[in-house]
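A.B. asks: What follows is a single structure, and I will ask about it in a moment.
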Amino acid sequence: MNAMKRGLCCVLLLCGAVFALPSQEIHARVRRGARSYQVICRDEKTQMIYQQHQSWLRPVLRSNRVEYCWCNSGRAQCHSVPVRSCSEPRCFNGGTCQQALYFSDFVCQCPEGFAGKCCEIDTRATCYEDQGISYRGTWSTAESGAECTNWNSSALAQKPYSGRRPDAIRLGLGNHNYCRNPDRDSKPWCYVFKAGKYSSEFCSTPACSEGNSDCYFGNGLAYRGTHSLTESGASCLLWNSMILIGKVYTAQNPNAQALGLGKHNYCRNPDGDAKPWCHVLKNRRLTWEYCDVPSCSTCGLRQYSQPQFRIKGGLFADIASHPWQAAIFARHRRSPGERFLCGGILISSCWILSAAHCFQERFPPHHLTVILGRTYRVVPGEEEQKFEVEKYIVHKEFDDDTYDNDIALLQLKSDSSRCAQESSVVRTVCLPPADLQLPDWTECELSGYGKHEALSPFYSERLKEAHVRLYPSSRCTSQHLLNRTVADNMLCAGDTRSGGPQANLHDACQGDSGGPLVCLNDGRMTLVGIISWGLGCGEKDVPGVYTKVTNYLDWIHDNMRP
């Protein structure tokens, strides 16, 4: 187990009358990844940051005094000032507001359990409810383990959400780096600095609903289930066992209740390890082991960002909005190097779905490469994952004339039982329940690296997304598709907007084959179709045709079995 982290804090005792001095609690930081370096002040107690020449009030510990501070060249100059009660309420959660006597700055004296400029931060919140829109806790770590950036950082000034917005307090944003969900995404998130730039990432904040589950989310910090066996099959020791005297994480820990420890032997993760664990006796020796608690599925969850650029046939997109999208490359026998072949869909750690017609050349498996987590088709992504192919399975009844049974499975090669590692840009899509029947004209999404239009000689350089609607079966017939065969294993979807010859209708196109058609179902993006074929690209009143995934669930599961 990791040793308990300990921190030391130096407190400066301020004595005597009013005079200015540099604060020992506030240090200079130089932010990275910007065009120029900027010195700022950071309060180590509150984690608040202040720009050059910015002023603020702060209470003095163990005193009724209030100080006025000013950030000057990375050092805070502070002195005591007289205050009075605020003329209007500005503090939440029972906080007491005091305003400087001679200027408008104010400070809130917060009750126990609350912090922040306006006492808006709930320091006791350990998990989030629903989507976490109302979450006001102090979790500040992203799923990748990166530390969140302060919402007031000048590096975020041009981002859509920062602590400088007029409605920042209402959204939970401010001078802190805690996870929030200001845009009603699927869960709390924050900005992190990675690979020389700031980008948004979901947080590892535990969901309150996962506490009593039979599985765990993230690393299982909030797991409160009743599993009590380790991966080796050993029984966990009671957390209050006398054998554990001297250990840090026991039922005697001062924070035992908050950590989920007590008079039981259930698996827990009190120290933020990789997953739930417990103490065990092995060969008469006290040790610890990870537990056999399964990880909860996060299929179909994503960090969706609104596309900024409209292009022919759809919209440019980021891979984080479609983290199940795969790019399949092939080495052809008669040409050097790898070439983009088709799209694919991540449905489990080691399995990719695609279209059967992509593999009509019968490539040897070692000539295929699958890339996950890539926004630009031929430009490596910062967090992409690349795999060789162990084998691929094309449906035995695939008809290369009608494209009936246009489905294939690729198994990724790995030295372990796991292949793709879940991240904000790599995640599985949910397979549909067998009885899923979505209403006609349901709006869904497709994604891929295909051409912008049918006559284009080039594939898209960047991932695209398109929004289409499911056609009723009465409109998905040969009569509507120039007498091409439309089998029961197919479904149709298209852009139903009206428009003239110049209308930019969304649709799949050459190169998108094998990619996903996903629809929202029970709060998760669910795979409904596999991009298969069509007549042209983006033709008015002409839908695209997709392999109907619900018809192949047994085939998928049978072929994925060891």
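Cβ coordinates come from backbone N, Cα and C, glycine included.
Since the structure is predicted, the reported quantities are computational estimates derived from the model, not experimental observations.
Sharing the features that Swiss-Prot gives for it:
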DISULFID  Cys41-Cys71  disulfide bond
DISULFID  Cys69-Cys78  disulfide bond
DISULFID  Cys86-Cys97  disulfide bond
DISULFID  Cys91-Cys108  disulfide bond
DISULFID  Cys110-Cys119  disulfide bond
DISULFID  Cys127-Cys208  disulfide bond
DISULFID  Cys179-Cys203  disulfide bond
DISULFID  Cys215-Cys296  disulfide bond
DISULFID  Cys267-Cys291  disulfide bond
DISULFID  Cys342-Cys358  disulfide bond
DISULFID  Cys476-Cys492  disulfide bond
DISULFID  Cys509-Cys537  disulfide bond
DOMAIN    214-296  domain 'Kringle 2'
DOMAIN    311-561  domain 'Peptidase S1'
SITE      Tyr102  site 'Important for binding to LRP1'
SITE      Lys464  site 'Important for single-chain activity'
SITE      Asp512  site 'Important for single-chain activity'
A.B. asks: Looking only at the domain 'Kringle 2' (214-296), what are its DSSP counts of helix, strand and coil residues?
C.D. replies: 7 helix, 19 strand, 57 coil
A.B. asks: What's the CA to CA span in angstrom from Cys179 (disulfide bond) over to Cys358 (disulfide bond)?
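C.D. replies: With distance taken Cα to Cα, Cys358 (disulfide bond) is 42 Å from Cys179 (disulfide bond).
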A.B. asks: So what's the average pLDDT for the domain 'Kringle 2' (214-296)?
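C.D. replies: Taking every residue of the domain 'Kringle 2' (214-296) together, the mean pLDDT is 91.
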A.B. asks: Counting every protein chain present, what is the number of Cβ atoms, excluding its own, within 10 Å of the Cβ of Cys41 (disulfide bond)?
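C.D. replies: There are 26 such Cβ atoms around Cys41 (disulfide bond).
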A.B. asks: Most Cβ neighbours within 10 Å: which of the disulfide-bonded residues Cys78, Cys127 is it?
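C.D. replies: The residue with the densest Cβ neighbourhood is Cys78.
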A.B. asks: Find the shortest Cα-Cα separation between Cys215 (disulfide bond) and the disulfide-bonded residues Cys119, Cys203, Cys342, and name the residue that gives it.
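C.D. replies: Answer for the nearest of the disulfide-bonded residues: Cys203.
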A.B. asks: Same chain only, sequence gap of 6 or more: which residues have a CB within under 8 Å of the CB of Cys110 (disulfide bond)?
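C.D. replies: Sequence-distant Cβ neighbours: Cys91, Asn93, Gly95, Gly116, Cys119.
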A.B. asks: Name the secondary structure element type, per DSSP in three states, that contains Cys537 (disulfide bond).
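C.D. replies: In the DSSP reduction, Cys537 (disulfide bond) maps to coil.
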A.B. asks: Please give me the CB contact count at 10 A for Cys296 (disulfide bond), counting all chains in the structure.
C.D. replies: 16
A.B. asks: Could you measure between Cys509 (disulfide bond) and Cys86 (disulfide bond) for me? Cα positions, answer in whole angstrom.
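C.D. replies: Spelling it out, the Cα of Cys509 (disulfide bond) and the Cα of Cys86 (disulfide bond) are 63 Å apart.
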A.B. asks: Do you know offhand how many angstrom separate Cys267 (disulfide bond) and Cys296 (disulfide bond) by C-alpha?
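C.D. replies: Just about 15 Å between their Cα atoms.
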A.B. asks: Return the count of C-beta atoms lying within 10 angstroms of the C-beta of Cys267 (disulfide bond), excluding that atom itself.
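C.D. replies: So the Cβ neighbour count for Cys267 (disulfide bond) comes to 26.
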A.B. asks: For Cys203 (disulfide bond), just count the other CB atoms lying within 10 A of its CB, please.
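C.D. replies: I get 25 for this one.
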A.B. asks: Do you know which of the disulfide-bonded residues Cys97, Cys509 has the most other C-beta atoms within 10 angstroms of its C-beta?
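C.D. replies: Its Cβ has the most other Cβ atoms within 10 Å: Cys509.
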A.B. asks: Provide, as an integer number of angstrom, the distance between the C-alpha atoms of Cys476 (disulfide bond) and Cys203 (disulfide bond).
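C.D. replies: Distance between the two Cα atoms comes out at 42 Å.
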A.B. asks: Checking the disulfide-bonded residues Cys108, Cys127, Cys296, Cys358, which are within 10 Å of Cys97 (disulfide bond) at the Cα level?
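C.D. replies: For Cys97 (disulfide bond), the disulfide-bonded residues whose Cα atoms are within 10 Å come to Cys108.
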